[in-house]
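Working notes, beginning with the structure itself.
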Amino acid sequence: MAMGSTSCISLVVLVALATAATGQLSSTFYDTSCPRALATIKSGVAAAVSSDPRMGASLLRLHFHDCFVQGCDASVLLSGMEQNAGPNVGSLRGFGVIDSIKTQLESICKQTVSCADILTVAARDSVVALGGPSWTVPLGRRDSTTASAALANSDLPGPGSSRSQLEAAFLKKNLNTVDMVALSGAHTIGKAQCSNFRTRIYGGATNINTAFATSLKANCPQSGGNGNLANLDTTTPNTFDNAYYTNLLSQKGLLHSDQVLFNNDTTDNTVRNFASNAAAFSSAFTTAMIKMGNIAPLTGTQGQIRLSCSKVNS
């Protein structure tokens, strides 16, 4: 009898070792090594979003900008490099929130929880904090020792992207068109800078609601005011819901890259579906977030567990 239970334990250990070696992500990765990890991240995100609702969108965007550049490896958190790339400079936020959570985790579980996992979980917790759906996050990512401004410039789709450019950028990361339309729905929260939608409101775009365009001009002049902000979702700016898609139906997408999703094109029906069916959007969004979080993670003995998210271990 005793022999049987010993064999059983050995088998469990072997399976655990095999999982670590093959680098498979698992939602229970920290259950033994840092049981308070998820609760610590959740409370840190909740406090940050409570004091600044926009931070939820900022943390979600940080995760997206991480995963699209050499995978979900926290490369975006390394000082300089990717942070100086066009899509990131002067607009990425939330580094302090991640650093604060990392400091707390280091005090309870030294060099155990990766910055890449913190960022992935924080993105989920941000969505939940603003009223959106939850999902189980696979864990076990490790942190990169490198970052690439060049890849950030080439692989992150911009606000002027066409539908086909968006599809190509997402397909490059093994995310299909439905994933792309669903992930664009992250723009149900957050704000954009005037420099990213100026052309849309002054450039003679025909697919924008006239009154909406006029209202935006008040805080976004033709020159100057580049950093002035507007809500991506004017209906419920601080609530994670499907209003983003309803806005597109009435040509009230803030960015060119938003409105191209509903513009007499192949993605129109998906937008209509998400606008009329909140559950369909939530389901597609959570599926796409898990897929995005699984882009090229470093696992097993690859990379490292950074002690500080902004720099490689010395």
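Using the three backbone atoms N, Cα and C, a Cβ is placed for every residue, glycine included.
Annotations in TrEMBL come from automatic prediction, not curation.
Among the candidates Cys34, Cys67, Cys72, Cys115, the disulfide partner that TrEMBL records for Cys109 is Cys34. For Cys309, the partner cysteine in a disulfide bond according to TrEMBL, taken from Cys72, Cys115, Cys194, is Cys115. Among the recorded positions listed here, namely Arg61, Cys109, His187, Thr188, Asp233, Arg61 has its C-alpha nearest to that of Gly71 (Ca(2+) 1 binding site). Each of Ile189, Thr235, Pro237, Thr239, Phe240, Asn242, Ala243, Tyr244 belongs to the same chain as Thr188, Asp233, Thr236, Asp241, is absent from that list, and has a C-beta within 8 angstroms of the C-beta centroid marking the Ca(2+) 2 site. Taking only the Cα positions, the spacing between Val69 (Ca(2+) 1 binding site) and Asp233 (Ca(2+) 2 binding site) is 26 angstrom. For Cys194 (disulfide bond), the same-chain residues that are 6 or more apart in sequence and have a Cβ closer than 8 Å to its Cβ are Asn219, Cys220, Pro221, Gly225, Asn226, Gly227, Asn228, Leu229, Ala230. Set side by side, the recorded positions His65, His187 differ in how many other CB atoms lie within 10 angstroms of their CB, and the most is found at His187.
Checked against Thr188 (Ca(2+) 2 binding site), the disulfide-bonded residues Cys67, Cys72, Cys115, Cys309 differ in C-alpha distance, with Cys67 being the nearest.
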